[in-house]
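Remarks on the structure that follows.
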Amino acid sequence: MDLDEAFLYIGEFGCCQKRLTAFLTLLQVYVACQSMLIVLVGAVPEYLIDNEDISASKEEYTKHLHDTNNFTSIVSEWHLIKNEAYKVNLASSLFFAGLLIGNILFGPLSDKLGRRPVYLSGLFFDITFGYCTALAPSYEVFAVSRFFVGIMNGGMALVSFVLTQEYVGKSYWALTGSLTNLIFAVGIAFYALLGFYIRNWRTLAFVANSPGIFFFLLSFLLPESPRWLYSHGYTTEAEGVLQSMAVGNGVERPVVKLKSCPGTSSKSAHSVFDLVKYGVLRWRTILLMYIWYVCSLVYYGLTLNAGELKGNLYLNVALYGLVEVPAFPLCLYFIEKSWSGRRKATAGFLGFAGFACIFTIFLPETNGDLLNPTVLALFGKLSVSAAFNVVYIYTSELYPTVVRNAGLGVCAMACRFGGILSPFIPTMKSLNPSMPFVAFGISGISAGILSLLLPETRNKPIAESIEDLQSPAYQLLSRGNEVLAST
């Protein structure tokens, strides 16, 4: 039997896989806390300077500065105000730069060395640098530690997402992918709750990082991905993992015998360069990189430019996460419908987000409560969050197992560029106040249109090797499944 048949035999989403999925999705709470750390740790407290005529030196400001808040942050500890205020954004940018590097490094590494060892290494160093952040004696150490947390957090989260997918049968990839992103959104709200009760930034950073130890110790119980083992020629080891899953799923006396995977006899190792070498992968990668880039650009663009949320800091952070929650059931509904699927759902959600940006141009200066820039931002963010969720699942299905993490890593790299560039788009306001929203809108709509050039993956078999994509048997099976699903 091949791997998809083996999953049907042992159970695509049995008790064993449910436990593995629950563990890896709960890990996203830790990932979210690390990702959102700077929002509260770098919050600017209200302060008074009793003598505005003093010199602009940091030492003089310190003497005349009075904090009026009941929380601490790196701003209050190291007096990052006035000429030093840029350092908060710099630390945030360093974290995103780390995410960029982590996505580039960890994808190919896990495709070559295996999912499990790369995931465990990333989580270990993520925890280590997380404690360096909490105990940083100076801003410089804090900023550098955030950079390395970004590398480890981004890379480890990418590999854990792929593991979540590869532990289950293909028909459950949409569910497990959506659960991963849903728990990340809930994790943002959980971090806001932590911040509400823990007002000292060092204690908050320490507590937010500590659950990582629990996840790290339990992660040693995780098996290697059977899909990675099978695609790299470790057929016996893959059979062993699948038989253990079968026992955990309650299958009596399971016997799993896999046939050889096409393409594993090749002596050359697969790498990120395969994404350029093969035409079918090259064009998919170009399209997906642009779509991921736009998802990030529009996501952060709507957040930063469609009106600032007023009110309680902790409530706003919680809303920032919770507004994404409805996106996931919407995503699950649309991607499993024959008239929508992955491709049209991606196009629709991106198009909606793009039109939300364009529509902002026509809002009057004084808006009612029902329709204003903040409400439009929340609806747009809901839509682009759904697009992000679909794209994660869609990308996993478009790449063969041997280069799946490399493909996801390259796409995630493009995503980080979108996040880094989005704050600079508002400078276009100097040309015309509507220009930033026009840029975001055109980007979203264009990405939605281009996504229609990608093949649909709903109810199609997962390619294990690059040769599968070019195999007539694979293409025939794909068409057969598509016809069967439409009847």
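A Cβ is built for glycine as well, from the same backbone N, Cα and C atoms used for every other residue.
Pulled from Swiss-Prot, these are the features on record:
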- ASN70: N-linked glycosylation site (CARBOHYD)
- 22-42: transmembrane segment (TRANSMEM)
- 90-110: transmembrane segment (TRANSMEM)
- 117-137: transmembrane segment (TRANSMEM)
- 141-161: transmembrane segment (TRANSMEM)
- 178-198: transmembrane segment (TRANSMEM)
- 203-223: transmembrane segment (TRANSMEM)
- 286-306: transmembrane segment (TRANSMEM)
- 315-335: transmembrane segment (TRANSMEM)
- 345-365: transmembrane segment (TRANSMEM)
- 374-394: transmembrane segment (TRANSMEM)
- 406-426: transmembrane segment (TRANSMEM)
- 435-455: transmembrane segment (TRANSMEM)
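Most Cβ pairs under 8 Å to the transmembrane segment (141-161), among the stretches 22-42, 90-110, 203-223, 315-335, 406-426, belong to 90-110. At the 8 Å Cβ cutoff, the transmembrane segment (406-426) and the transmembrane segment (117-137) share fewer than 3 close pairs (sequence separation 6 or more) and do not count as touching. Between the transmembrane segment (178-198) and the stretches 90-110, 315-335, 435-455, Cβ pairs under 8 Å are most numerous for 315-335. Against the transmembrane segment (203-223), the recorded stretches 22-42, 90-110, 117-137, 315-335, 374-394 differ in Cβ pairs under 8 Å, and the greatest number is found for 117-137. Long-range contacts of the transmembrane segment (435-455) within its own chain (CB-CB distance under 8 A, at least 6 residues past either end) are made by residues 284, 287-288, 290-291, 294-295, 297-298, 301-302, 305, 343-344, 346-351, 353-358, 360-361, 384, 394, 398, 425-426, 428-429. Within the chain, the transmembrane segment (315-335) has long-range Cβ neighbours (under 8 A, six or more residues past its boundaries) at 32, 36, 39-40, 174-175, 178-179, 181-182, 185-189, 191-193, 195, 303, 309, 341-342, 344-345, 348-349, 378, 381-383, 385-386, 389-390, 393, 458. Listed as Cβ neighbours of the transmembrane segment (374-394) (distance under 8 Å, sequence separation of 6 or more from its ends, same chain) are residues 161, 173-174, 177-178, 180-181, 185, 288, 291-292, 295, 298-299, 302-303, 305-309, 323-324, 326-328, 330-331, 334-335, 342-343, 345-346, 349-350, 352-353, 356-357, 359-360, 363, 411, 444, 454, 457.
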